[in-house]
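Swiss-Prot annotations:
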| type | residues | note |
| --- | --- | --- |
| BINDING | T68, P69, A70, G71, E72, G73, K74, T75 | ATP binding site |
Amino acid sequence: MPSIKSDIEIARAATKRPIFEIGAKLGIAAEQLVPYGHDKAKVSAEFIAAQAGKKDGKLILVTAINPTPAGEGKTTTTVGLGDGLNRIGKKAIVCIREASLGPCFGVKGGAAGGGYAQVVPMEDINLHFTGDFHAITSAHNLLAAIIDNHIYWGNEENIDIRRITWRRVMDMNDRALRSMISSLGGVANGFPRQGGFDITVASEVMAILCLATDLKDLERRLGDIIIGYRFDKTPVHARDLKADGAMAVLLKDAMQPNLVQTLESNPAFVHGGPFANIAHGCNSVTATKTALKLGEYVVTEAGFGADLGAEKFFDIKCRKAGLRPDAAVIVATVRALKMNGGVKKEDLGTEDVAALKKGCANLGRHVANVRRFGVPVVVAINHFVSDTDAEIAAVKEFVSRLGAEAILCQHWAKGSAGIEELAHKVVELAESGQAKFQPLYGDDISLFEKIEIIASKIYHAGEVTADKAVRDQLQSWEEQGYGKLPVCMAKTQYSFSTDPNLRGAPEGHIVSVREVRLSAGAGFVVAITGEIMTMPGLPKSPSAERIFLNDQGYIEGLF
């Protein structure tokens, strides 16, 4: 039996086309690309601005059920579907997020797809790529440095150091940095205060980069960032400290979308990378809107399950950017359905149709939720070799009872040839005119009501709890004019509830909001629930322990 190649072996063996050829497929002239080597480039802001009058293509969202810790192949399916659409004669472009080093060296792995449905150069994309995350981290931490420097030199803005909300960031999972005291060591080092680090993908600067439409909008949003409060409790903005201009300079190149290619030499934009459990979970508006002007079909993904990524895609990204999705694909795997049915991780490779049927309640909830936004749905069963015919048949039967269709997809093993059926179905749905997109809630209800609507309608919670300080903070923001903003829920990705161990489709649970953060520049309010952390930690045995350079100088263990 031939050995199965790893993702990195498949990617390394790929025949990549020069990036100028990929750009030419989209009508992008060589002089409008800023190359980073031979296989990746940024698309110039001038070219993007010139596309404004063109008609938009069809927008397809790929989302998923609540995942296992390894993920269910959402990015793999996004890439595979893009290749599949091109295979059947449609001009399709893939739009995905950039990879964070945290999960690369943690447990989940990279974010370039898998098997024969990958974007390349996989190693570059999963590591430093074009330096966007470095630029975002630098811009974020420049503001942090300016805050402490301002206080050191006399604190002209009367910033209350007890009420500074701006933390530092780094692109790594490091629980030791969550909470700390800075400026220790005497008078020369400033005024000691409590602070900490978040992971870069949770940074408001990341969200701003992904929601800004151009450099002018970027700088305006950066200036709107609230870093804390004065002694009179009025907000202090980044522009009050004259930080917005320098931050925009650091982000100037990062604002330009990155163009790469799939293994089948089809175009892909990889740009921005907020997590969906602690941020809004979507690639950049700039990349998505550019792709819509250049392709007939744009396939994009939103992080984790549809309760997180898809809800934020609809309620934040589409609302803010004026996007109207034409169809949605919900990725399900037999193993994740069995886990939602109560099967232990070590037993997921054993057939268990009864547990799978029980776990299908999770899939059913996600189908209903996406339909709630007025978007037609098809289910993609991402095939694993351990799946049995009986298990696949059970999923298809369950979905058919919902009035939808579940299609077995084998793009991981077969590339575009393994996903043609799904591609045809997506075209059928997108061309049908069924989509009647609308957000879940309006702008004018209170912030707490928005949280309650998401919790009750999407999570099926029975109650939302928050202490008086949280409720008062929300009311204060409403009085300051921020009441019309959407809400970004920070919640575990493993359950509809705030308990990662509560699988399936729980009803009547309690969603506890322990903290709220105002992202005035990004334009949303973050509600932090349960035990979710904005700086993750590494697992007991992180992937980093198995990543190394071999004798030939090639990377091993990256996936």
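Even glycines carry a Cβ here, placed using N, Cα and C.
The DSSP secondary structure for T75 (ATP binding site) is helix. Just so you know, of the binding-site residues P69, G71, G73, the Cβ with the fewest other Cβ atoms around it within 10 Å is the one at P69. Counting other Cβ atoms within 10 Å of each Cβ, the lowest count among the binding-site residues T68, T75 belongs to T68. Of all the binding-site residues listed here (E72, K74), the one with the fewest other CB atoms within 10 A of its own CB is E72.
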